[in-house]
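Colleague: According to TrEMBL, the protein has these features:
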- 49-83: repeat 'PPR' (REPEAT)
- 119-153: repeat 'PPR' (REPEAT)
- 154-189: repeat 'PPR' (REPEAT)
- 190-224: repeat 'PPR' (REPEAT)
- 225-259: repeat 'PPR' (REPEAT)
- 260-294: repeat 'PPR' (REPEAT)
- 295-329: repeat 'PPR' (REPEAT)
- 330-364: repeat 'PPR' (REPEAT)
- 406-440: repeat 'PPR' (REPEAT)
Amino acid sequence: MGLKTATKWPKQINPALVQKLILRERDIQKAVIIFDSATTEYANGFRHDQNTFSVMISKLASANQFRSAEDLLDRMKKEKCNLTEDIFLSVCRAYGRVHRPLDSLRIFHKMKDLQCERTKKSYVTVFSILVSENQLKVAQKFHRDMKEEGISPNVAFLDVLIKALSMNKSTIDAALAVFKEMPDKGHIPDSYTYGTLISGLCKLGMVDEAKRLFKDMETKGCSPTVITYTCLIHSLCRSSNLGEAMKLLKEMGSKGIEPNVVTFSSLMDGLCQGGRSLEALELLANMIAKRLTPNVITYSSLINGLLKEGKLQEAVEILDRMKLQGLRPDVVLYSNLVTCLCECSKFREAANFLDEMVLGKVSPGCVTWGLHIKMHNMVVQGLCEKDLGRAFQVYLSMRTRGISRNQSTYSSLVDCFCSTGDARKAYRVIHEMVLDGFVPDEATWNAIVSGFLCRKKVHEAAELVQLELVGEFLKPMV
């Protein structure tokens, strides 16, 4: 591979030693140096064997150095070294890991070119990669080619086929047909087969079919895994069948199957959606007692449920616990909290959370930018009646950070500044309002002109009237 070194080898260098050194080395470049250094010993009778080539190819593929890995495959052929199926599959899996399924397929075909026998293991591995990467049309052709070559599928292959067919409603019937035909062809569905099909049915919203299959699974002596239980619980919660979902949780406990974070999160979300947030809080306590760590989804579901029921204090307490755990709330969660605070007329607290977002560097994306704008305008308008100074601070922060202001925000600020006799700030806001392309309405003009006249600022009032007239003149003709 082009790298040279002055490494001195013992007189009795052997492939086992080289393999051990390469395996031990974490730095890929140093591993390459060891491999190339051993190659220089060819003159002394050493030869790389299947094991040294295999470990080097695997390391290169894991480090995404695919060209070098494939060069070694070709070199193995030239040096008449035994090319095994597992060596090729290590490269196939590495390509799959970096989402390059078509390269995995190319390596599969290269096996034949280099005269390496392909067993069912290779077919299952590549087919699984194609399905996982949603290359369903390519996977279908691969399946047809497999049949033409006389390769009969095994249970592992049929599991992957069922997974592929369970991804769409248009093919779910075909998945069920494959499942029903398995025993007739000598293939007994196992727990993974049932779990795969139940998961597909749940994702497609076919809860009743999933429940029937779940019962059938137990009668056939197949034990559901925590993943199968969780899929069904999640689906039942989405269909508002909380009673059955909770029964399944109890059933898991009686069978010694420990629920995971996703199981609890699904149930808590379902309870919160159903207006049962206090029960969700009990589940949180149960979850923590089992030494499971809640994640962002767990906390977000619970906080949103509490807010939905008006339990603001409890929601804030859960938010504090979330932050203490080192988890960052997102823009949507902050928006829901700020909205709820505003609805309860707690505008100062809402403004505090806006500040917290800035300090925590919580920035909205394209999708959540609208929510960001809405909550800032809501807080300014609410603060105008209670804390005008704070309202103006939030307004200035909005301008600095490029957050759009709406007509109502400008009008509220102008009206309140005029009411308190602060004509200068009122003039500033209305000036910025016009610069931002908003046309003040009649009530806003009356408020500010009256404010100036009351303070005997006749000159400024005249300027504003003139500005209004210019604005009217510049309006497009109807």
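Residue numbers in this text run from 1 along the chain shown.
Every residue, even glycine, has its Cβ placed from backbone N, Cα and C.
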Colleague: List, by number or range, the same-chain residues at least 6 past the repeat 'PPR' (49-83) whose CB is under 8 A from its CB atoms?
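Modeller: Distant contacts of the repeat 'PPR' (49-83): 1, 15-16, 18-19, 22-23, 28, 31-32, 35, 38, 90-91, 93-95, 98, 103, 107, 110-111, 114-116.
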Colleague: Summarise the repeat 'PPR' (406-440) by DSSP state, stating how many residues are helix, strand and coil.
Modeller: 26 helix, 0 strand, 9 coil
Colleague: With a Cβ cut-off under 8 Å, give me the same-chain residues at least six positions beyond the ends of the repeat 'PPR' (225-259) that come close to it.
Modeller: 191, 194-195, 198-199, 202-203, 205, 207, 210-211, 214, 217, 266-267, 269-271, 273-274, 276, 290
Colleague: Looking only at the repeat 'PPR' (225-259), how are its residues distributed among DSSP helix, strand and coil?
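Modeller: Split into helix, strand and coil, the repeat 'PPR' (225-259) gives 26 helix, 0 strand, 9 coil.
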